[in-house]
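Taken from TrEMBL, the feature domain 'Heparan-alpha-glucosaminide N-acetyltransferase catalytic' applies to 225-347. Taken from TrEMBL, the feature signal peptide applies to 1-23. Annotation source TrEMBL lists transmembrane segment at 150-174, 231-247, 267-288, 300-319, 334-352, 373-396, 459-480, 492-508, 528-547.
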Amino acid sequence: MAAALAAAVAAAVGALLLAPGRTQSGGYAPAAGPPPPLKMDQALLLVRDELPAQGLRLAARSAACHRCSYQLLAVVPPSDGGPGAAAAVVDTQHPLSLLLNGSGAGSELCKIQYHFGEFGNYSLVVKTLSTSAKTVSCDVVINEAPINSYLPILFAFLVYSGILAILIICRLVMKIGPVRNWVYKKLNPRETDRLINSELGSPSTTDSINSDPSPRLWSVTSRQRLRSLDTFRGLSLVIMVFVNYGGGKYWFFKHESWNGLTVADLVFPWFVFIMGTSISLSLSSMLRWGSSKRKVLGKILWRSFLLILLGVIVVNPNYCLGALSWENLRIPGVLQRLGLTYLVVAALELVFSRADADSGILETSCPALQDILPFWPQWIFILMLEVIWLCLTFLLPVPGCPRGYLGPGGIGDFGNYPNCTGGAAGYIDRLVLGEKHMYQHPSCNVLYQTTVPYDPEGILGTINTILMAFLGLQAGKILLSYRDQHKQIMRRFFIWSVVMGIISAILTKCSKEEGFIPVNKNLWSTSYVTTTSCFAFVLLLLMYYLVDVKRLWSGTPFFYPGQ
């Protein structure tokens, strides 16, 4: 019964493909009926079997899916008297490897790699080239051309580039004296009256004060704040809002499925980095103004408690399991991790802080390391935490999984470890928190078809989040130790970025998948921290130079949300 139904469906699709209502290009004519509905990042693939009396099995594997097994995409049963056909919806975000086998003998007929375009209509024609040699050809034919899904990005880039060019031109034109005076006259009628009165006599004091077109007091006051740090924070927040609202559904504006790095994966570590820098500056300021350590510790505890409470109760319920309840409450989360990280790093800085360590006058045996050597207890503590992360990640035995496993599970690693998502990190969370109190749909769920919950803000990854914040704390120590020494500050930022980049290159072997510790946001791997901190030091260096040193850029518009 099922075979007869499948044959009938195949015959109907084949008749549809050969119907007179078909257009010459192979697209659907109105008389042939609409094609299967397509969603974003999808295309239609029609498999046409012209082999005599042989069915086909089409399997596919995404190029982004590392060491994944092929997944069945379509079955074309053999048909009598004409070619068989089947339709399948394929993903367009990444290139696909297509594997075509004969359904009878199970032999591999052909293997091709193709990158389909969004909303495109394609045909995979399978036919015999030589009957004697039994040579089979598999050709992809474009029936209807796909759309260019990158045009919106290009259009937005051109629009913002045009606006930026206009602003730069206007700023240059305003430096011309006659033009600037004419603009001031048009925008400020009182200025015109003042100029007329100045030709007739002395202007009044009130007019002189009120008509000042460029009050200097505001600009001097605003420069007291480190604008580059606020600008960096604002940039992170803007990107965070953009990617949280979908980012146009482009894959590079979404979190990477497992190993690798996208734009969305930069936001959280950058924000943690800036939080560490702010901790250094704010604690130094509070202690310098006479606040006791006990009072500051109370503020740290209260702020951490509020962040964790907001994350657990208000912001981040486990909505995928229904209404908010203690049975299904997601315990980890972004705010929870920020709260714990802030608590550890701020308390560590408070306990080991010294009044003369951040004033730039502390004498050390090595002046080149005056931002590191005075804080050696903190470094020992952080290195001990990192050793704990390495030992748990690579030495903890996980039932049913290889020791030191860092893969996504599911169909990854050819489906050998389907329930090992995240290795030790996932195992610790499931053991301590319970599966219902974890994130139910991690980013690896769709591509790697994982079935077990995995939380990217879990327990083990918090250790490396603390490391990221501590590196940001180090940036703050550089700003304090070399106060007003712009060249020294920028040189230190550059050195730290190079060091972090070298460590990342060693850990990853400059490879996405084959390194000792790949870059992985879900695991918050060590290489992920060193890579994103390398970018953070570079960005902070550029913004510090442009905004605070040369003042070529005010930091707008990112300065305002960052502030």
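For all residues, glycine too, the Cβ spot is worked out from N, Cα and C.
Bear in mind that TrEMBL entries carry predicted annotations, made automatically and left uncurated.
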For the domain 'Heparan-alpha-glucosaminide N-acetyltransferase catalytic' (225-347), the number of residues DSSP places in helix, strand and coil: 89 helix, 1 strand, 33 coil
The domain 'Heparan-alpha-glucosaminide N-acetyltransferase catalytic' (225-347) [mean pLDDT, rounded to integer]: 89
Stretch in 267-288, 334-352, 373-396, 459-480 most in contact with the transmembrane segment (300-319), if contact is a CB pair under 8 A: 334-352
Top partner of the transmembrane segment (373-396) among 231-247, 267-288, 334-352, 459-480, 528-547 - counted as Cβ pairs under 8 Å: 459-480
Stretch-level contact, the transmembrane segment (528-547) and the transmembrane segment (334-352), CB cutoff 8 A, at least 3 pairs: no
